[in-house]
Amino acid sequence: MKGFGLAFGLFSAVGFLLWTPLTGLKTLHLGSCVITANLQAIQKEFSEIRDSVQAEDTNIDIRILRTTESLKDIKSLDRCCFLRHLVRFYLDRVFKVYQTPDHHTLRKISSLANSFLIIKKDLSVCHSHMACHCGEEAMEKYNQILSHFIELELQAAVVKALGELGILLRWMEEML
């Protein structure tokens, strides 16, 4: 009976290891917090709406997230906190508020929001275990993002932030 249990356990472990890459789950290293996220699925959902959302953006001289380079400045220790704030920002101020008559786009945004909810849950666990440090620089950078968002009229800001989601996703990819 022990042999069966050992074989089953070994089979399960190998199955899990083989299955994980197929599902697109990636491990993100955020300082002392480590989470998994299906970045491949999030990228796919975003890529299906990116062009149409970016075409709505008429404020080409203003950036909310700036560039992936500016996000790279976030210290490793502060990444969990910074990402936690950005995930909440996208859930509360972007996905929830975005308006379009296009049902396909709304479905994709709903799917993106669901993926972000999973990330938020995992980041909350890190936060509750005190593994999500919030340094002054990370909070400054997040407040700059909020400031750029608030500069615009609400719907224009939402469109801008949604169109720039790729910047955040590329930054997350770099934490693998």
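Glycine residues also receive a Cβ, built from the backbone N, Cα and C atoms like all the rest.
Note that the coordinates shown come from a computational prediction; the quantities given were computed from them, not determined experimentally.
Here Cys33 is paired by Swiss-Prot through a disulfide bond, and of Cys81, Cys126 its partner is Cys126. For Cys134, the partner cysteine in a disulfide bond according to Swiss-Prot, taken from Cys81, Cys132, is Cys81. Counting every protein chain shown, the Cβ of Cys33 (disulfide bond) has 22 other Cβ atoms within 10 Å. According to its DSSP assignment, Cys33 (disulfide bond) is in a strand. Here is what falls inside 10 Å of the CA of Cys33 (disulfide bond) among the disulfide-bonded residues Cys80, Cys132, Cys134: Cys80, Cys132.
Among the listed disulfide-bonded residues, namely Cys80, Cys81, Cys126, Cys132, Cys134, the Cβ with the most fellow Cβ atoms inside 10 Å is that of Cys80.
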